[in-house]
Amino acid sequence: MDSYFFLFAGISIVLITAYDLIYTTFSPRGAGFISDFVTSVIWNTLRLFYKITGNHKIMRGAGIIIVCATLLSWLLLLWGGHFMIVLADQDAVLDSTTNLPATSMQRLYYSGYILSTMGNGDYKGGSDGWRVYSAVISFAGLTLITIAISYMVPVISAVTERRALSIRIRSIGETSQRVILDNWNGNDCKRLEDQFNGLAESVALQAQMHLSYPVLQYFHHGQKATALLPSLAMLDEALTIMLLYLPENTRPDPQHLIPLRKAVTNFLQTLDIVSNRAAETEVPSLDVDLLLARGLPLKQLDPSLLSNLDYRRKMLRSMVEHDGWKWNEEADSPFDSKMDLPSVS
């Protein structure tokens, strides 16, 4: 009876883990349930420590810890599954010298080294069938482990691209109102058309990367200038101000403004964990005091239009807070003023 249990449990674990690994790595919709579970446990634990201490450094390693823990979980589950399979038959593994059945610890060692294609041949399959099984597992193990490790390469590449995109956004303006003011020529802010050139494509690319690699949501950057999620929220708030407050002839043309707005919308739609929390989030206020103080010609706000954006702006706030930031931190400069001239910084 135990033999059937070990065989069934081992095969189930191996198949489920292999599916999760392949699905997470190749599926356009990202994480399987094993990787999703590992991610949730680690992220919630780190967020708890962050809430207690308020120290951003706790969150910095979240992404790489999650990736490494996911890889380790896949490896251990594959190893454990194969170990249970060879436990199902007393003669599955033999000592190469004595031809006696291997002990449980020896089977654990054997299942590990055939999975990694390592070992010195001190144990062998007990029959032709088990020897063929060992060969198949060695090949499959090498393939799956290679796939698992290759999962890290596009993730790290995407993280680098996120940092670069965030810096590009922040260089346009450090806050939503500064985006407009820093590009105001006295009559309009149409110079933003050049600033927005190609930005929609970059945001859309990051949205698709988030779909393929949901773990990207958990890479936290301790510097505001390199944190993409609050930077996107800031940019979208700037677009909202332009659409609601600026006369049409003073804001960027629709062919520059609307594609960028839709790219941010698409990005928000990829954040499942944020959409689940948005309903419980309070709608943030929309501040235009600095624009009024500088005498920009603003339209009278239509409250019904602003209320139409409540869910969107809840999503933005939830996204920022999920990333370990506070909404009211938006006004803080992400750049060190000591690094440049006063007119630049």
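Positions of Cβ are set from backbone N, Cα and C atoms, glycine also.
Feature annotation from TrEMBL assigns transmembrane segment to 5-26 (among others). A Cβ distance under 8 Å defines the sequence-distant neighbours of the transmembrane segment (5-26), meaning residues of its chain 6+ beyond its ends; these are 32-35, 70, 74, 77-78, 80-88, 140, 144, 147-148, 150-151.
What TrEMBL records for 32-50 (among others) is transmembrane segment.
Positions annotated as transmembrane segment by TrEMBL: 62-85 (among others).
The feature domain 'Potassium channel' is assigned by TrEMBL to 79-156.
Counting residues 6+ beyond its ends, the transmembrane segment (132-160) has Cβ neighbours under 8 Å at 18, 21-22, 24-25, 63, 67, 71, 74-75, 78, 82, 85, 111, 114-117, 124-125, 206, 209, 212-213, 215-216, 219 in the same chain. Annotation source TrEMBL lists transmembrane segment at 132-160 (among others).
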The domain 'Potassium channel' (79-156) [mean pLDDT, rounded to integer]: 85
